[in-house]
Every structure is written in C-alpha cells, then in structure tokens.
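J.: One structure, pasted below without further comment.
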C-alpha cells in the first residue's frame, strides 16, 4: 500500500501510522493531510503511532513538520499512542518532538483538541457533550 | 509491524487496515479486537479499508468472521471506506460480505452505529431505553 489513509471525524482528521515511513510515503502523507485540512476545514489532526516500535529522527522530524504545516493551516496536531519504549528512546536520543502535542490515546487527543477549539464542536451539532469544552472556552480563546 | 492497532472512540472501536493481511496478522487482529470489545464494553466496530486496493476472498471472509465474533460479543461491525474498484471486484468475484454492514466513510459509519445503538451514547452505563434514545438520535442526525 503506498498511501496512509486520512480519516475524518467531524472537524478532526485521524491518521494511524502502521507502516515504515520512507521518504516518498512521508511526503505523500504531508501532502494528503494538508489537502484534507483545506478541503474539510479541519481544526485538529490526531496522529496515532501506537503501531510504531521505533520513532527515529526521521519520523520525529516528519511529525514536527506535519504539526508545523497544520498550524499554518489553522489546525492543531496531537500525537497519540506513543509506546513507553518509544518515549524512552526519544529522550535517550535527545530528540524532542518540536511543536508537537501528545496525548495518551485517541480519546485523550480528542478531548485535548476539543478543549483547544471548542467552538467547532458546538457548531457541529453532534451530541450534547460539550460542557467541558464550553467551560474551558474562555481558557482556549485566551490561549489562542 | 506485526500488529494492527485498535483505536478507541468512546464506545466504538476503530481499525484502519493498511497492510497486507496474511493469516497470522488476521488472526491476531481478530483476537485483539475481541479482547478489546470485552475490555472496553464497546458496542460498535468500524473497519476502514480505504487503503486496500484489493479485497479478495480471504479478506472478505476475515471481515465476515470479525463481524460474526463482534456480534456474539454484542458489538455491531461496519466496514467503511471501500473503494469503488473494490466494490466492483467483489461483485464480479461473487463475494458477498456476509453479515457485514458498510458505510461510505468513518463519519457515516459512526452515524450508523449511533442509530443502531444510541443508548450507549446517551449514557455509557445504561443500555435499557432504546426507544427514547433512538428518538434523540434521530434528532441528532436530522440536525446535521
């Protein structure tokens, strides 16, 4: 398979990285993701890396780049599902995921994005679970 | 990578299949998924196959098996993201995805599962009042 699917969840895009990312695939993912952000007007990107045993400097840089591109397009990026061993290796290698926010799993990532940009979820008219988001709306606008 | 990650979204489990599924991987996915359904009490499973160019009889059977296992564990399975070419091939090969529901994409799949089992979205701990919840689910979808 030569493409990583980008899934849409309301105003959030979800990417699950499961294969070894070589250059071409990483570039294609960046391109697909930016196009999808523009097409869908997404305000958040969640990248699940729970399938990765290793995050080397190449992948780390790619995650930072995706986060930077998304930010320019007004979308926040959260990396989720990092394995403990990966976190240890990252620190040992001295790699920092520059400008990348992290969360334990997809649900925490969704919550983080909801808190960061609650307005979109209020508009979406989904279910009524916006209390937390609404409560922190002031916080979020202050932070922006 | 020798494992396909199973992501949790509230009471829904999400699996994005991106790699060629050989026997061992398919078996492992079935096992992981059943364990996760039991652990999380999930009521729905969404399998995204948008990355697959081909769905042959092996994958078709696997999808049916997963749906059957999930059903026994009280979870509904929806396959989403099927490419047009895959649908054509499936029909040409005379393969039917037995007992598998399909939806265009993850969002449609989520909506389908919400309509099928709305109680879980109203209140995670309480599956009793399907009627009332169904009414509010219709509202929710009508609003979109």
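Note that Cβ sites are derived from N, Cα and C of the backbone, with glycine treated the same way.
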J.: Region 'Disordered' per TrEMBL sits at which of A:101-122, A:123-144?
T.: A:123-144
J.: Within the domain 'STAS' (A:2-113), count helix residues (DSSP H, G, I), strand residues (E, B) and coil residues, in that order.
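T.: Going by DSSP assignments, the domain 'STAS' (A:2-113) contains 51 helix, 22 strand, 39 coil.
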